[in-house]
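Participant: Once you've had a glance at the structure underneath, I'll fire off some questions.
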């Protein structure tokens, strides 16, 4: 909770600085001179409230959504040797990482994958696919679990949700400025907000949203390297490298992880060209090389 409060305070400061900067550069005067009667401070606050509300709401229901979207079965009483080993391993890794034991689950998927989610590092969920448990060695599974525990311990779910809230705020803010400018200045509409405002705002939100996604995914890729480092500390560098190499050998298999969980899975799939800007994970080769350099 402290992380959320500090981040919200930081971003309130960012919003205030943005508002002051626009005023200093005479943006309000420019808009008014062109017939746009727009209170930028009120607009910025409005966008911040709605931008963060959606992001934080998604964060708080993330565990429930993850269970529903992946059909994850939570292990409360282990029924098999695999389930018992899984609970014991997660408990051990959590203790070493200094966090409370998360919920542990298995989701039905042939692909080798895993994810972590939850609004709080002491109230999280870690789940692995049936395929990963069946085909990976115990050391490889432990390394994957250590990576996911690393996400939880680093507070990555909260951090990315708040970053998403920031970009949501500015996408909404600038899209509405563009919409007003097009409506009032280009189309000379003097009677409320015309159709040009709505069309321009929607189009601007789409374009700015795509650009904002690239920013969020850049942060996500950075968090993956940190989770790999945490996995290497908890399970051993060789085991972490071995798990990533094993994942690389299965890259041809389709990934069925919901988009909302991709950023916190171990395997993010493959993209080429400009599409790499929108990858939630760095290429496995680069992650392996980073661990080798780390030693």
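Backbone N, Cα and C define each Cβ position, glycine as well.
Bear in mind that the values here come from a model prediction, so they are computed numbers and not experimental data.
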Participant: Transmembrane segment per Swiss-Prot sits at which of 199-219, 220-240, 241-261?
Facilitator: 199-219
Participant: Near residue 151 (Zn(2+) binding site), how many other Cβ atoms are within 10 Å of its Cβ?
Facilitator: 30
Participant: Cβ under 8 Å, sequence separation of at least 6 from the ends of the transmembrane segment (199-219): give me the contacting residues as numbers and ranges.
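Facilitator: Non-local partners: 159-160, 163-164, 167-168, 170-172, 174-176, 178-179, 181-183, 263, 277-280.
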Participant: Roughly how many Å lie between the Cα atoms of residue 224 (Zn(2+) binding site) and residue 148 (active site), rounded to a whole value?
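Facilitator: It is 10 Å, counting Cα to Cα.
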